[in-house]
Each structure stands twice: as structure tokens, then as C-alpha cells.
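If you look up Swiss-Prot, you'll see 17-148 marked as domain 'Galectin 1', on the strength of sequence analysis. The domain 'Galectin 2' annotation in Swiss-Prot covers 156-283. The annotation beta-D-galactoside binding site is assigned in Swiss-Prot to W217, G218, N219, E220, E221, R222, E223.
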Amino acid sequence: MVSQFLHWYEYNKPVPYRSLLQEKIEPGQTLIVKGSTIDESQRFTINLHSKSADFSGNDVPLHISVRFDEGKVVMNTFANGEWGKEERKSLPIKKGDSFDIRIRAHDDRFQIVIDQKEFKDYEHRLPLTSITHLSIDGDLYLNHVHWGGKYYPVPYESGIASGFPIDKTLLIFGTVEKKAKRFNINLLRRNGDIALHFNPRFDEKAVIRNALAANEWGNEEREGKMPFEKGVGFDLAIKNEAYAFQIFVNGERFTSFAHRQDPNDISGLQIQGDIELTGIQIQ
């Protein structure tokens, strides 16, 4: 069944921010931090801690320091009372801009993504299981934080235990493969019909929307620019409303698709093609 993506999701948080993780971080899970800066911003940090959300001497498996004053992002680990060797990269964020930083845990490394683009792989220097707390501090406005997800197979198919009735939203977090040609997302009816076929085609530079009823496809809809990029992450939201699905890509409305059958008769999800999935949620 479609699993809950989020272990927590918090909006407009005060800074400094401190949080105890309710569960151990598992490989495949992603921490998403979204916020904004001001023209006077100098630095801010994101830290994954062991035992306490401070720098009182306990280990810090991952320290990310965004330094506008140096034009760098500095990554490091504090272990056994000492800082290790810094890893530095040029800063892709400008002062005054909003930002989206994602940290995905793997068995051997953290995969760091900034504004939906690959930024840095940081090899673990301490066990992933030692992480218990998160802190965020510095010159930023923290809009929201969430953490969850897992490894998903593609093709992916799942039932939706609670259904997908009107007023619910399906969120899909993923990354388009660098050599992608196509991917598709299907919302399935109980009888096997497809209520919504959402099919970005890079080879045609179009996003096809359609529905399948009694083994026959209806009329294709393909208006609108391609909102996805090869090799770049995306957040896709599909909201089931009374007369149509409203579809958003990266927080911006992309299109609507008028229902062609009962909007309350959706019981399954299929995802296929040239993408990597990082999270699926219905809210």
C-alpha cells in the first residue's frame, strides 16, 4: 500500500531550530529543508547530531555550513571531540533567495541536493544509526522541514488503502534520470481503468494526460510547457477536486484534468519509466 512519506512536516519554524528524531534514519530516507535568506545573511547551518541537538561535545555525523561570506558550502563531521577534514564546494545559493536543501541517506553516504540539483556525495564518517537529533541555525527564515521516504522500485505499483477521494492530494517526490525519455503515473480504478494517465515525454517535449475506460484511450491533452528537466528533482502534487484533478509541479500549478468518470473510485497507483522515486504520500 502507498506508505506515508512523512515522519514529520513542520511549517514556519523558529530559528534556532532543534528536533529529536522520532525514529532512526533509514537508508533511502530524505530530509528536506526549505527556507529563505535575506541580503544581509552571512551563514546558516544544518546539523545531524548524536545524543543531543547541540555542540556540547557529542558527535555530529553531518555538519553543513552555508557560508555567503566565503561563497562556499562547508561539510564536516565532529567525532570523538574533534572536527575532521572539511569538504568544500562553491555555493549555488544567492543571498536573498529561497532555497531547498535535501539530504538523502544511503548505506555509505549522504546525497546532498540543492534546489533539486545534485550537489555533493558525503561519505559517512560515523554510523547512520548514531543520528538522533537535527538542528538548523543562522541567518535564515525556515519555512518547513520534513523527513521520510524510502527506496522505491520502479516500476512501482501499489493499492491505496484509504482510497483517493475528493479533497485528497497525492505527493510524489523524485528525480528524472539524466538520459530520460519518458515516465508515467497512472491513477487506477477498481475495475482496472485509468482515471489519470500523466506521461511526461522528453522525446516529444510534452506532457500527455489521458484516461483509459473499457480498454479504450480517450482524447489526449498535451497543452503546456514541459515542467520537468532531465537529471533534476521534482515535487509533483495531484489534488482530487470535485470536477478535475489539479496538478502542480514544484509548487506551481501546471494544469487540470477534468474527471471522465467517478472521482471517488480510485484504488491504485502505478509509476513507470525513467525516474528515481524518493517519496510518495497522500494527505
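Glycine residues also receive a Cβ, built from the backbone N, Cα and C atoms like all the rest.
Long-range Cβ contacts of N219 (beta-D-galactoside binding site) within its own chain (separation 6+, distance under 8 Å): N210.
Counting residues per DSSP class in helix, strand and coil order gives 3 helix, 75 strand, 54 coil for the domain 'Galectin 1' (17-148). Cβ-based neighbour count (10 Å, all protein chains) for R222 (beta-D-galactoside binding site) stands at 14. Taken through DSSP, the domain 'Galectin 2' (156-283) splits into 0 helix, 76 strand, 52 coil.
Less than 8 angstroms from the CB of E223 (beta-D-galactoside binding site) sit T255, each of them six or more residues away in the same chain. Within the same chain, residues at least 6 positions away in sequence whose Cβ sits under 8 Å from that of W217 (beta-D-galactoside binding site) are H197, N210, A211.
As a whole-number mean, the pLDDT of the domain 'Galectin 1' (17-148) in this prediction is 95.
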